[in-house]
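> Feature list, courtesy of TrEMBL:
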- 1-21: region 'Disordered' (REGION)
- 54-73: transmembrane segment (TRANSMEM)
- 114-146: transmembrane segment (TRANSMEM)
- 158-174: transmembrane segment (TRANSMEM)
- 180-202: transmembrane segment (TRANSMEM)
- 239-261: transmembrane segment (TRANSMEM)
- 242-338: domain 'Nucleoside transporter/FeoB GTPase Gate' (DOMAIN)
- 273-296: transmembrane segment (TRANSMEM)
- 316-338: transmembrane segment (TRANSMEM)
- 344-551: domain 'Concentrative nucleoside transporter C-terminal' (DOMAIN)
- 397-419: transmembrane segment (TRANSMEM)
- 426-452: transmembrane segment (TRANSMEM)
- 497-520: transmembrane segment (TRANSMEM)
- 532-555: transmembrane segment (TRANSMEM)
Amino acid sequence: MIGIDNKGYDNEGQSNKTIEDAENLPRTSALDRAIVKLKFFKDQHELFLSRTKIVFINVVVIGYFAWATSYFFESKKLSEISNNVKQSNETEPTATTCGQQYCGIQWCDGYGMLIILLAFTYAGLLLTKIILIGVTIAAFATFLAFDTIGSRSRLQSLIGITVLLAFGFVFSAHPKKIRLRPVICGFALQLLLGVLCIRWEVGRSIFKCLGDKAAKLLSFSTIGSTFVYGKFLSEVASVFAFAVLPVIFFVSFLISILYYLGAMQWIILKLGWLLQTLIGTTICESLTCSANIFLGMSESPLLIKPYIKYLTRSEIHVVMSSGFATVSGTVLAAYISYGAEPAHLVTSSVMAAPAALCFAKLFYPETEESKTDAENIQLEKSTDSSILDAASNGANAAISLILGICANIIAFVAFVAFLNAFVSWLFVLVGLQNITFEWIFSKVFIPLAWIIGVEWEDCESVAKLIATKTIINEFVAYEQLGKMKAAEEISLRSAGIATFAVCGFANPSSLGIMIGALSAMCPEKRPDITSVAVRAFISGCIICFLNASIAALLMSTESFEALSNNRTLH
């Protein structure tokens with residue numbers, strides 16, 4: 001790579017000074033103490049800083065090359081148009097002429113010379129392992145340079161991706177222990193899935209089809225709920241408890257049957273093996289992340305219940321983060337009923353698996369040796385006696401889930417209403433009207449909404465949705481999103497980005513549910529579970545925002561409109 005400095009690779013963590021030494025220096029100036037601390041930080045993170053410098057230089061060089069490439073072809077196109085206009089105005093035909101810069105690539109000057117310089121520079125570095133990163137960045141940067149012609153505003157979400165990943169590094173629990181393979185491979189796989197599922201027309205059509213078929217399948221639950229509760233409650237009045245939540249009975253019924261047949265375990269095991277192979281994470285981490293695509297945050301850890309006592313803190317952090325960053329198949333229909341696009345929900349769930357491994361390993365790196373591997377992992381089989389028993393138990397198991405959802409929504413909506421009234425009362429006393437707790441929170445999230453790619457005029461609306469999801473839960477956020485879409489208060493693009501941003505279980509009630517579920521499965525691990533819970537909660541939120549940023553980067557306005565209008569692009 002350009003600017004490779006091998007010195008840092010062999011001296012990680014080598015330092016003869018400590019922060020205490022800096023603080024105990026005899027009456028030195030504040031500037032001297034600051035310099036010593038900066039040197040200490042540099043020594044402690046020399047390896048990472050060296051690699052970061054290499055990546056940064058290559059990003060700048062490759063970014064410039066992509067910019068120059070875009071400019072060259074745009075200028076060439078304009079030159080051809082100008083020549084055509086000039087020839088059409090001439091009375092006699094003349095030989096076609098063009099400027100030297102635009103008659104193909106001139107290898108001794110301009111863009112051609114730039115290609116030669118870069119080719120020779122990178123050719124001399126082919127033996128460097130990190131060259132693969134540069135080639136990948138170059139390919140993706142070139143793709144973006146051409147793909148965003150005419151819609152450069154999509155590049156706005158690159159700010160969000162950069163800021164979110166930088167946040168993960170700066171506030172990492174153990175920056176010196178960060179392993180680059182899970183972080184880079186996880187993020188690369190997330191991007192690849194985004195390209196396949198969002199940008200590629202065939203992939204987008206496939207996932208739209210899957211989303212529509214899932215919505216159609218789940219819609220059959222309406223027949224059952226109408227039979228029990230009546231048409232008025234289920235369809236006319238559309239009461240949440242009677243119109244939305246009953247679908248959970250049906251999905252739990254289906255999943256229990258698949259689990260009894262062994263199909264669910266087979267799918268999860270294969271996906272877990274794939275993630276472990278590609279990203280380099282442990283088998284328990286990979287299995288849980290793949291399970292969270294289909295199951296809920298409290299159900300997926302059941303697959304590794306016998307092994308939870310052997311998990312390290314970093315592995316527990318991954319298990320919890322992936323749970324907060326995804327939603328279960330049992331509640332997708334509830335979101336769809338509010339108007340959320342099925343294809344966006346399915347895509348977000350799939351992308352969240354590698355994203356969770358990427359960011360969780362950045363935010364809380366491994367510092368211990370894992371005690372589990374693929375050879376000693378055996379997924380538990382269903383204990384049901386027959387397929388009918390499995391179906392019945394699956395439907396019954398949904399009772400506690402539905403009651404829990406109702407209880408949490410009632411409690412948290414009421415609590416937020418109380419906070420709104422209290423904050424409003426405080427501000428009324430100083431002469432300020434219409435300022436509530438939710439209003440303050442929504443203002444805080446406006447910069448976040450902008451950096452993940454939302455149009456500025458819609459930032460406040462999307463920020464309010466993010467605040468609602470973070471404070472209460474995603475059910476209420478999707479309900480508000482549906483109302484905004486129906487009233488055309490936000491654009492279809494902003495609504496699509498918001499769908500990705502709030503597609504996760506990261507909220508206060510889920511934090512308690514996750515701690516309680518894992519502690520019940522393995523009481524002796526409760527201290528470790530509670531110690532990483534808040535970090536996992538933050539990870540879950542940021543993973544959703546990363547998904548939203550990538551969706552905003554890859555999907556054009558026309559693509560969002562095509563999905564929302566139930567058609568595909570051709």
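Each Cβ is built from the backbone N, Cα and C atoms, and glycine gets one as well.
A TrEMBL annotation is a machine prediction, not a hand-curated record.
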> Among 180-202, 239-261, 273-296, 316-338, 497-520, which stretch has the highest count of C-beta pairs below 8 Å with the transmembrane segment (426-452)?
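Between the candidates 180-202, 239-261, 273-296, 316-338, 497-520, the best contact partner of the transmembrane segment (426-452) is 497-520.
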> Tell me, what is the mean pLDDT of the domain 'Nucleoside transporter/FeoB GTPase Gate' (242-338)?
83
> I'm a bit unsure how to read this: which one of 239-261, 316-338, 397-419, 532-555 has the highest number of Cβ pairs shorter than 8 Å with the transmembrane segment (273-296)?
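Looking at each of 239-261, 316-338, 397-419, 532-555 in turn, the most contacts to the transmembrane segment (273-296) are made by 316-338.
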> Please list, for the domain 'Nucleoside transporter/FeoB GTPase Gate' (242-338), how many residues fall into helix, strand and coil according to DSSP.
77 helix, 0 strand, 20 coil
> Give me the stretch from 180-202, 239-261, 397-419, 497-520, 532-555 with the greatest number of Cβ pairs under 8 Å to the transmembrane segment (158-174).
532-555
> What residues in the same chain, six or more past the boundaries of the transmembrane segment (497-520), come closer than 8 Å to it by Cβ-Cβ distance?
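Distant Cβ neighbours of the transmembrane segment (497-520) are 296-298, 301, 308, 316, 319-320, 323-327, 335, 340-341, 344-345, 347-349, 352, 404, 408, 411-412, 449, 452-454, 462, 465-466, 468-474, 477-478, 481, 490, 526, 529-530, 533-534, 536-537, 540-541, 543-545, 547-548, 551-552.
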> In the same chain, which residue numbers or ranges, 6 or more beyond the ends of the transmembrane segment (239-261), come under 8 angstroms Cβ to Cβ?
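Sequence-distant neighbours of the transmembrane segment (239-261): 218, 220-222, 224-225, 228-229, 233, 294-295, 329-334, 337-338, 382, 384, 387, 390-391, 393-395, 397-398, 401-402, 405-406, 409.
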